[in-house]
Amino acid sequence: MKAREVEFEGHLIDSMIFTKALDIILDLDGEFEILEFRVGKKKDDPSYARMIVFGRDDAHLEQILKELHKIGARIPDIEEVELAEAPADKVLPDGFYVTTNHPTFVRYGGEWLPVEDISMDRVIVIRDGRAYCIPIDEVVRGDRVVVGEKGVRVVPPERPRKSTVFEFMGGRVSSERPTERMIEAIAREIYELKLKGGKIAVVAGPAVDHTSARNALAALIRDGYVDLLLSGNALAVHDIEISIFGTSLGMDICKGRPVPGGNRHHLYTISKVIAAGGIKKAIEKGIIKDGIMYECVKNNVPFILAGSIRDDGPLPEVITDVMVAKKKMKEALRGINMVIMLATMLHSIAVGNLLPSYVKTICVDMNPSTVTKLMDRGTHQAIGVVTDVGLFLPLLYLKIKEIEAKE
């Protein structure tokens, strides 16, 4: 048997961290011996645990320690981080460390350095005395890359000290929840976050246009509750189609009936915007008179439209190189405190992979599996609201305005 001592510190009981640690050891056929366990006596007091973890051999023990490391386990002996040079551009040394989306620190030069721009499934490099989390495609030959878990500390999220909608939801997904109560709680979170100067990003799919939630999202942008819009070609095209023709995918938004020749409207829309020189120019020329993109431009709210192989056109502002789009999205998400994902599974998962675990994340979709897939792919902090986005957004805006009136 091989053994290694590890320790945990934080809200180990109410955040279920210690329970998860024991489950990991047992699920991987390991053994443990608890040496010390100090329980915090008050709500804000951290707990501390120290134990010996046993594995059959070095490889088995290393497997267990890797999983424990992801939830905050650390080696009591302070060790310097291990580094190895990248042998070529986009090529990593053996045993390179793969990040989680939790706040991470590395021990370098006798100091704990915070890892900047943390997100999941990336690597850590040391450059000019600072630690950076970067994707594989940004690694260059000679970069000093972190290998192994020595000298790396992960701080997993803990249960909030006060009751919030995120504690109320508990990260679970169910359609059997009081939807209006949840939306009211989310509205309160949004209102209080903006009072503190926080920033909110919205990830939206074209269903926002098709379900007539467009006006509510445009109003949220106009009233200053949205600081960043992340979407694709379709949302912008159909939003502008509504502004020009009053249809979305050829359906009359007011009457709910197809319009003769309406199936061509989105193509006419794209052509008009391209001819005008882009969305901003089309607004300046009076072609686009209202809607989501109109409010973004008029209120200087940045937007990033990422392209896909399904796109018609696309619009001039759409970034067709997905790697460039991902990089721009990552840069734009710096400083964002909350992300609201609206009826777009693939875009939601893509953005979720770029977020640190401390960013509040709300995913709204009719399909419960969308939220489940988002969390299964690592965005465990997300809460799910299983409802029609066409009902959610107007009610959310109404609740925010009610809170404004009371304050």
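Start at 1 and count along the chain as shown; that gives each residue its number.
Using N, Cα and C of the backbone, Cβ positions are placed for all residues, glycine too.
Residue environment of Asp388 (NAD(+) binding site) contains 15 other Cβ atoms, counted within 10 Å of its Cβ in all protein chains. Under the DSSP three-state reduction, Asp388 (NAD(+) binding site) is assigned to coil, being neither helix nor strand. If you look up Swiss-Prot, you'll see Asn233, Ala234, Asp312, Thr344, Met345, Leu346, His347, Asp365, Asp388, Val389 marked as NAD(+) binding site.
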Suppose we draw a 10 Å sphere around the Cβ of Asn233 (NAD(+) binding site). How many other Cβ atoms does it contain, all chains included?
24
Residues near Met345 (NAD(+) binding site) in space but at least six apart in sequence (CB under 8 A)
Asp365, Asn367, Thr370, Lys373, Leu374
Which site among Asp312, His347 has the most other CB atoms no more than 10 Å from its CB, taking these as binding-site residues?
His347
Among Asn233, Ala234, Asp312, Thr344, Met345, Leu346, His347, Asp365, Asp388, Val389, the record's NAD(+)-binding residues, the widest C-alpha separation in angstrom comes to 26
